[in-house]
Amino acid sequence: MLQPGEYSLWFTCYRDDPTTTIPRPSGRGSRDCASLTFVCLAFLIGPSIKNSSPEEMVSVYHFWTIVLAIAGMVLYFICFKSTRENVVRIVAQPSLKISLQTLKRNRPLFMLCIGALCVLISTFAVSASSLFYVRYVLNDTGLFTVLVLVQNLVGTVASAPLVPGMVARIGKKNTFLIGALLGTCGYLLFFWVSVWSLPVALVALAIASIGQGVTMTVMWALEADTVEYGEYLTGVRIEGLTYSLFSFTRKCGQAIGGSIPAFILGLSGYIANQAQTPEVITGIRTSIALVPCGFMLLAFVIIWFYPLTDKKFKEIVVEIDNRKKVQQQLINDITS
């Protein structure tokens, strides 16, 4: 019961970390790519669980839970001891009123939150629909693992190494747009080809997952940039409150994305454990393909108008640094 609260406390601080420890914007995208290496644990842990007998399953789960808990504590400690903030704060501890005023003026943050909401709705709509899709559309529940691997593993592993190079060449905003467009086209193709060729449909789903993985990775770097934008407007840095709003928006996206397929199934006349009508089959295909396609397209449109380009961000960082130098010089003159 305590784990979710503990997780939220440290994860908010961890996600704020790039804004204070990584001064180069390009490095923020690389950090988020490195954090996706947790996917590789599936190759390490998966075989030992899969090859275990039912009698051994409990002890295997206990073993890996203890190993991961100890490894996590060690890594947390190393992160804590080795992390140093590289920012100078004009207002060290802003009041809640000042923080909310700063947050209210941060238009790029609100646009990014809406874009992230759309991406998360898309992601969790697919996850919530997958089991229904393999059971009633493909009539083979054994394909559920394949579908999950294509959606999660292939998308994450393939997209992670692409992001740093894309960010360096075309910028974070354009990287997000390309990922969103790739996801939109992939899901649309998945909807049309899934009725006649499963291999081609899986390729289309992989394309969509790669695009979705790109957007999921780069939007963390975009979120970090909005902290500097808020400081540029008001002189106040509010990393914690900025990420808390962003995180809350993401949780809303997860909840909405997971519930949309349920509403579609209910409206189409779904009855569990029975042969489904053509309307229900269409509803399932819509939930797993057209719904994520539409929300990825909406995310693309929103970020298209996102005002904080890489060029603008560099100008903001230079302006903030100049202000701090002037203020520091004034302090030195007064104290001397």
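Every residue, even glycine, has its Cβ placed from backbone N, Cα and C.
Note that the coordinates shown come from a computational prediction; the quantities given were computed from them, not determined experimentally.
The feature transmembrane segment is assigned by TrEMBL to 61-80 (among others).
Per TrEMBL, the feature transmembrane segment maps to 109-136 (among others).
The transmembrane segment feature in TrEMBL is assigned to 142-163 (among others).
Listed as Cβ neighbours of the transmembrane segment (175-195) (distance under 8 Å, sequence separation of 6 or more from its ends, same chain) are residues 29, 115, 119, 122, 137, 159, 163, 166-167, 201, 204-215, 218-219, 222, 285-286, 288-290, 292-293, 296-297, 299-300, 303-304. Per TrEMBL, the feature transmembrane segment maps to 175-195 (among others).
Under the heading transmembrane segment, TrEMBL lists 201-222 (among others). Away from its own ends, the transmembrane segment (201-222) comes close to residues 15, 18, 25, 28-29, 32-33, 36, 112, 115-116, 119, 122-123, 146-147, 150-152, 154-156, 158-160, 162-163, 166-167, 172-173, 175-176, 178-187, 189-190, 193-194, 292-293, 296, 299, 306, 308 of its chain (Cβ-Cβ under 8 Å, at least six residues beyond either end).
According to TrEMBL, the transmembrane segment annotation covers 255-272 (among others).
TrEMBL lists 284-306 (among others) with the feature transmembrane segment.
If one looks beyond the transmembrane segment (109-136) by at least 6 residues along the same chain, the residues whose Cβ comes under 8 Å of a Cβ in the stretch are 103, 142-144, 147-148, 151, 176, 180, 183, 187, 212, 215-216, 219, 222-223, 226, 229-230, 242, 245-246, 249-250, 252-254, 256-262, 265, 276, 280-281, 284-285, 287-288, 291-293, 295-296, 298-299, 302-303, 305-307.
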